[in-house]
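**Q** I grabbed these lines from Swiss-Prot:
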type: SIGNAL; residues: 1-17; note: signal peptide
type: DISULFID; residues: 93-122; note: disulfide bond
type: DISULFID; residues: 105-150; note: disulfide bond
type: ACT_SITE; residues: 108; note: active site
type: DISULFID; residues: 141-207; note: disulfide bond
type: DISULFID; residues: 142-146; note: disulfide bond
type: DISULFID; residues: 179-211; note: disulfide bond
type: DISULFID; residues: 187-198; note: disulfide bond
type: CARBOHYD; residues: 192; note: N-linked glycosylation site
type: MOD_RES; residues: 220; note: N6-acetyllysine
type: ACT_SITE; residues: 278; note: active site
type: ACT_SITE; residues: 298; note: active site
């Protein structure tokens, strides 16, 4: 009997796969297919003439990896608003508005972490300390504990590294901001641009424990530490409460090729092949035309999506968006002597 049932399941899965049209990830046909479905979002071209290998490398997060213990939260008495945007809640913290660019490197796991950490340092010091935490330092110096550098990594281990070893400051490529700015250049994965072309190739830079010339303090003195790191349960309310009380979090989800075409609205997967796991920064929530969403910052520059941001369906663990949330609290005692 079970063999008959297994055969039936296989046939149904095959029929479902055949009923879904197959499109090139960046094709006009895929854009038109999504938009004709009249779903909750609009598709358009964000990439032009790039290798599929590059697109898959952008999704550099290993899903289902190790997780730190969950933090117990008591949110029953907390009144959460219908909509929340960390950019508006903490306008004095400039990093919350910032969109970075990971370039030709699967470093999203590091970017989601350092972006949220930067935000939280500002929030938890009442805007007395505003710093761009270095994605370069995390990407290059965490080593095998975090994964495989530009070939992918584990968001939870990124936060653990922050608490154990600390992270120095470092801004965007060629910004000369902080101790270790990002060394991988942005590439032209977008339409009608002037940057060099993107490829799926690119080695992880070397770990350097020296700040760039002209910057002080020293590498060791520039370290920023976390007090703790933890997982957040996949409860919609717990994630909202965490953001509301402590600031943006890092999340991760499964990316399908239709997501690459996101322009506006609330993303829900329509069709397309699986590209990989992708880490991002969740900074708020709301409801658009009756559809609940998470407000999310990507790391594919500002000419992707909605000025670098996107919205994705909230409350249904869509593409796993609520299953991989991690966060932490900064060690604020290291700052009070300097303030």
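Including glycine, each Cβ sits where the backbone N, Cα and C put it.
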**Q** Select the closest residue to residue 179 (disulfide bond) from the following recorded positions, measuring between CA atoms: 142, 146, 187, 278.
**A** 142
**Q** If I take the Cα of residue 211 (disulfide bond) as reference, which of the recorded positions 105, 142, 150, 187, 278 has the closest Cα?
**A** 142
**Q** Whose Cβ, among the disulfide-bonded residues 122, 146, 207, has more other Cβ atoms within 10 Å than any of the rest?
**A** 146
**Q** For each of the recorded positions (93, 108, 142), count the other CB atoms lying within 10 A of its CB, then report the residue with the highest count.
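**A** Its Cβ has the most other Cβ atoms within 10 Å: 108.
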**Q** Given the disulfide-bonded residues 141, 179, 211, which one is most crowded in terms of C-beta atoms within 10 angstroms?
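**A** Comparing the disulfide-bonded residues 141, 179, 211, the most crowded Cβ belongs to 179.
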**Q** Nearest to residue 278 (active site) by Cα, among 141, 146, 150, 220 (recorded positions)?
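**A** Closest candidate to residue 278 (active site), judged by Cα separation, is 150.
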**Q** So of 220, 278, which of the recorded positions has the fewest other Cβ atoms within 10 Å around its own Cβ?
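**A** Minimum Cβ neighbour count within 10 Å, taken over the recorded positions 220, 278, occurs at 220.
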**Q** Of 122, 150, 207, which is closest to the residue listed as 'N6-acetyllysine' if I measure between C-alpha atoms? They're all disulfide-bonded residues.
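**A** That would be 207, nearest by Cα distance.
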**Q** What does DSSP call residue 211 (disulfide bond) in the simple three-state scheme?
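**A** DSSP assigns residue 211 (disulfide bond) to coil.
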